[in-house]
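To keep things clear, I will list the structure first and then write my remarks on it.
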């Protein structure tokens with residue numbers, strides 16, 4: 001899980017600064033409530049009674065939940081007259097007696113909305129709008145057939161549209177193994193894509209109109225615009241849809257229609273190459289074209305590509321500690337947090353730098369605060385560039401705190417660690433250190449930092465363990481005394497790494 005923290009953190013940072021869906025203001029009403037209220041006493045029985053029911057898991061204190069509430073209620077009112085009626089329900093997941101329900105349904109944030117089908121046998125995430133009209137339209141589609149029939153060219157034009165990925169199956173008849181597999185996959189993926197089927201390829205706006213099927217045609221608003229497949233093995237068909245629906249280069253800007261592709265980009269297991277340029281400057285289109293050409297060369301080699309407009313990417317700049325004067329720049333991040341960075345990129349350097357990266361000739365980039373020129377306080381300051389030397393190469397027993405400057409618990413612990421460090425000042429075998437985890441990279445394959453403060457202890461012999469004991473001076477000292485090794489370095493000064501000159505272009509400012 002730790003390996004994905006950096007990726008999800010960046011995704012959150014990116015999307016946080018993009019204009020989001022505007023919710024209607026909450027209004028009070030004495031009208032009948034159409035949203036069912038469920039809890040641990042009636043949840044399972046209610047879900048089992050319905051072929052299709054939507055459940056919101058919420059918390060009363062959640063601002064987004066409060067904004068959603070009137071829209072959700074309005075949608076429930078409208079859908080109550082649908083034939084058949086679509087039932088919307090809610091669970092207060094903040095209530096102690098409902099927390100098992102929240103855990104059972106993998107609720108990790110609020111609001112979380114789930115669609116339960118077939119009495120709860122099939123569960124899907126709700127991925128639709130959060131205003132009443134959008135909720136109604138989305139759930140009408142979700143409660144209907146997984147795939148709709150296209151009977152005319154007008155049907156096809158309306159279905160395909162201009163800015164989304166849709167999948168159409170062309171069949172000589174609506175029966176047989178190929179058709180059954182297509183419908184089964186449509187049912188599985190219906191919350192992610194729109195599916196349709198037809199007996200006549202001539203209705204479709206693009207592609208070979210003479211085919212009689214069976215064939216699957218995927219339409220998309222990017223790259224080659226449509227692509228066909230005749231492999232109806234369910235796994236192969238799902239792989240075809242997943243790969244074909246991903247842009248060769250994902251675009252990140254203020255256009256909401258691009259956001260699903262951005263989410264898909266960050267959910268990919270691939271390494272993630274991100275080129276940041278100013279879309280409005282001269283030469284931007286040349287960069288995009290060259291980047292697309294290079295991306296095509298590497299699209300089957302474990303790298304996904306994104307191009308971001310600087311104006312829309314301030315979250316990424318804060319996350320990585322980048323500066324606008326380094327644009328054009330490219331940064332590649334692995335799921336383990338390792339990064340590779342090239343600032344002030346020239347157009348003709350793009351293919352050669354990426355080739356050097358693929359050949360393993362580019363050194364990883366470490367986000368780091370400047371190495372302190374003086375480090376004389378009892379608790380030693382460690383930064384990204386000195387972490388390896390202080391913790392792993394010093395031959396000392398090192399207790400290191402990973403903290404955040406804004407963290408209240410860290411502030412409470414700070415004077416205690418000072419006292420611990422003072423207690424060991426005469427013992428050169430022991431180092432008490434701290435690292436600002438918001439401004440310096442941490443090797444996530446070594447340290448699992450899920451919250452602040454997180455403390456680790458590495459003995460002189462190399463044994464690494466996370467400290468989860470009491471946070472009093474006495475508890476921490478007792479732990480160190482029990483776990484430290486003798487190094488024979490007593491009465492010698494602890495050597496601190498010297499400050500090194502840092503190239504301006506290669507060391508971004510680290511402010512998060």
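Backbone N, Cα and C atoms are what each Cβ position is placed from, and that goes for glycine too.
Database features, via Swiss-Prot:
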- 25-144: domain 'Thioredoxin 1' (DOMAIN)
- 130: site 'Lowers pKa of C-terminal Cys of first active site' (SITE)
- 278: N-linked glycosylation site (CARBOHYD)
- 357-485: domain 'Thioredoxin 2' (DOMAIN)
- 487-512: region 'Disordered' (REGION)
- 487-496: compositional bias 'Basic and acidic residues' (COMPBIAS)
- 509-512: motif 'Prevents secretion from ER' (MOTIF)
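If you take every residue in the domain 'Thioredoxin 2' (357-485) and average the pLDDT, you get 95. For the domain 'Thioredoxin 2' (357-485), the DSSP-based tally of helix, strand and coil residues reads 35 helix, 26 strand, 68 coil. The domain 'Thioredoxin 1' (25-144): residue composition by secondary structure is 47 helix, 26 strand, 47 coil, according to DSSP.
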